[in-house]
Each structure stands twice: as C-alpha cells, then as structure tokens.
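Trainee: Have a look at this one before I ask anything.
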C-alpha cells in the first residue's frame, strides 16, 4: 500500500501517473483503446477509398451517405444494442456486436466485393438518373453501389458503437472517478498513436501487400484483403483484452483490490441519471440558458464547418487519384499526420496554452486555425479556377496538387485541434454550472447538437448540389456559409469567455467563503478542545 500513497516524481507524474498496482487494469485498457483505434483508422481510409474513387459522383456522395445511410444505420444498431443490453450480459453484448462488425468486414472482402458488379442496382440507377436533377447523382451512386455504401455505413458505426459506446462503456465501468483523471489522458494518447500506427501500416500494405491472395480480382482487392486480415486480427486482440477486463469488472475482484468503496465512473453516471427523469425537458433547459445556448452554437459550428471543408477537400483529392490504391495511400498518410499532430499538440501545447492565457484563448484556437488554414485552401482553389499558376509554379507542382495538399493540411489541423483544444475547452465550459445545467445541458449538447451539426452540413450540401449540380460550382455559396459559421463561432466564444470568467470567479468566491467558514469552525473547535483539556487549579 505504500506505493499507493507515494507521490510520483515530476516527470512520471506528467507523463505516466499510474501506480504499479493499477497496471493489471490500465495496460489491457490502454491496448484495448489502441486496437479499437487502429481498426477505426484503417476503416476510415478504406471506406473513403472504396466509395469515393471510381464513381461519377466522387465526394458528392458523402452528404447523402451521412443523412440517408449513417443516421438510419445508427438508429437501427442502437436499437439492437438496447434490445441486447436488456436481455444479455455485458460481455455477451460486447462480443456479439464486435464479432458482428468483424464478420461483416470479412464477408465483404471475401464474398461481396468480388461479385459486386452482379449485386449493384445498375438499372434502378439509370431510372433514378433520368428522374433526379444532375445534383442528385450522389444519391444515385449511393443506391447503385449499395454494397459499398453499406461498408461505408458500417465503418462509420464502428466509431459510434464500438469506440464511443462499447469501449468507453467498459472504461467507465471499470475505472473509478479518482483513476479516470489519470487514465483517460493516456488512453487518448493511445488513440492518437493508433492513428499513426494504422496510417503507416495501411500505407505500407498499399505499396507492398504482405499476402498475395489468389482470389483477388484486382490490385485494390488484394490491398483490401490484407487490410481486412489486419482488422480481423486486431479484432481478435480486442476480444481477448475484453475478456481480461471482464474478469476485473467482477464485483468480488474489485472488493479484493480495495475498490468497492469507491464509486466508478459508470456508477457516478447512474447516480446522476436517477434524477434525470425529474427534468421535464433537456431542451427547455437549453433554451432557458444563454450560456448553454452559447456552448451549443460552438459545438454546432465545429461539426458544420469540418464537414463543409472536408467534402471540398475530398472532391479535390478524387480528381488527382483515379486508383483506389493511390487514394488509400494518400489518406493513410493524412491519418498518420493527424495522429502525430494530435499527440504533440495534446502533450506540449493545449494544456499549457489554456493554463497560461485562459479559457477564451484556448477556445479561439480551433476557429482561428480553421479560418487561417481554410483561407489558404480556398484561396488556392480560387487561384486554380482563375488559371493562376503563381504558387504552383514556384513550388514546382500543379495547382490541383497544391489545393489537395493545402486541404490535407487543413484537415490534419482541424482534426488535431478537435481532439485537444476543442474537446478540452468544451468540457471546461460546463464546470462552473449548477449540477442540473451541467448534466442535462451536456446530455443535450453531446447527444443531439453534435449530430445536428454533422447532419446539417450534409443537408446544406444536398441543397447546394441540387441547385448548382456540383461541389465545384457550389464553392461561392459554401464559402459564404463557412464565413458565417466561423464568424458566429468566434463571436460566441468571445461572449462565452466573459461569462465563463464571471462564473468561475463567482464559484471561486463561494468556495473561498465556505473554506473561511470551515476554517473558523475548526479554530473554534480547537479552542474548545484546548480549554476542555486544561486542568482546574485548586488552592489549599
């Protein structure tokens, strides 16, 4: 037990604040996060390569998939998860869902992709194309290549179901509140490192497939089979690590380790949810609080802006890479860079910036970064549209390659600041609120507003595509929407910063007053104890 009370050295306390007795819990949890993140990153690059390259719609299919594919898919899988959770044990639910995902990816690579031409709805697509306007070709491609669309949806659901729901459900259940403050920062670092690992492995497999599969129908199929084999192997490790953690989640083992008296993160959430039914409406509370509305605007703005930028960037990349193998290699390198920048920013910049210059400066980093990198990206696109060869000629590359490269830089930094500055300042913004506002407001914002932002961006694109027929033709309208969203984001953060400062100062004054009262009570109690210990003086 001495190790538990012994303080860490300054170096270890900063980089690895884990006690030796916690290794049996932390190490499998860390590697579980790592391998779940590896599969997430591999699937992210693979789904884009499969769906975007080779079709006549390119990146225009993304907005339609987000609304008509991912949203219904998320609802269906969430219903399945809820149904299973009510009838089966936690372990059965985890293994069944993860096994279901792995089984689908293996089935797709070995059976569905090779016979895809026979499965695709070419006649229906031709009929839809004759009915819909030119801007609806993204919807037509989504329906025509339904098997690719299904792979895209399942890959996206790995993030929301396996990573967000299953993994963090395990982490919250097994981790105490005291441990979470030390565990979760390192786990997030593990997720960033998994992006680096997955990006480099995917890049290498694209250039040098490890196994030459005789059943491969084309070069991309061979790469897909190798990546799928890695996904299945990582899935096997995930299931093995979960079984180790499942034994630790048993209440008797937690008692033996002295953790029974301490509330876990999952138990804490359960305690908070007991009062949740008393709230008439999450959104009524949200609408009554200008402060919570400000946080909602910030979350909505980020999800809207990142989606608008991403579709334009991927549209540029699709024009350069006609091969799925080449496109996958490019996206793999972007994944690697995102992981590196996220890890370095999280370790060396985000926390120090907020501690030194305050919440407002930290919260302004995401919109300003996206504004600056986005201006460079869109400026290059407008230069290409105007046949300007200035920067491309100086750098010795074509203007189209330059725009794609700048779009990649914009995406890397946008994703990196999301995992560091944005998430941290968003969570900090809830701290000075009352418990009801904090719990109910956070549930509404994280559970609904973030999804509204993503779907809202897709709906904006669908409307623009119907009107202007293509992403390139919609660029002026997209620029206006982006400027309005970024301007609103920055304005709201400036206002929120003043409110946050006022609320935290008021909270600090309350805490100081309470501490003063407690100190006075302790001093009075000490004085009474001292007087009671004095022996009476008697005289003869």
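Quick reminder: no glycine exception, Cβ is built from N, Cα and C everywhere.
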Trainee: May I ask you to indicate which of 292-312, 313-333, 418-438 is given in Swiss-Prot as transmembrane segment?
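Mentor: That would be 292-312, the stretch labelled transmembrane segment in Swiss-Prot.
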Trainee: Among 185-205, 248-268, indicate the range for which Swiss-Prot gives the feature transmembrane segment.
Mentor: 185-205
Trainee: Considering only the recorded stretches 23-43, 292-312, 334-354, 477-497, state which has the highest number of Cβ pairs under 8 Å to the transmembrane segment (222-242).
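Mentor: Per the Cβ count, the answer is 23-43.
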Trainee: In the same chain, which residue numbers or ranges, 6 or more beyond the ends of the transmembrane segment (185-205), come under 8 angstroms Cβ to Cβ?
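Mentor: Here the qualifying positions are 16, 18, 26, 29-31, 33-42, 45-46, 171, 223, 226-227, 230, 328-329, 332-340, 342-343, 346-347, 419.
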Trainee: Is the transmembrane segment (361-381) close to the transmembrane segment (334-354), in the sense of at least 3 CB pairs under 8 angstroms with a sequence gap of 6 or more?
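Mentor: Yes, since the transmembrane segment (334-354) and the transmembrane segment (361-381) share at least 3 Cβ pairs closer than 8 Å, they count as touching.
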Trainee: Under an 8 Å Cβ to Cβ limit, what residues of the same chain, 6 or more beyond the ends of the transmembrane segment (93-113), are close to it?
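Mentor: Same-chain contacts beyond the ends: 43, 77, 80-81, 84-85, 119, 147, 150-151, 154, 157-158, 161-162, 166, 170, 215, 217, 221, 224-225, 228, 231-232, 235, 238-239, 242, 246.
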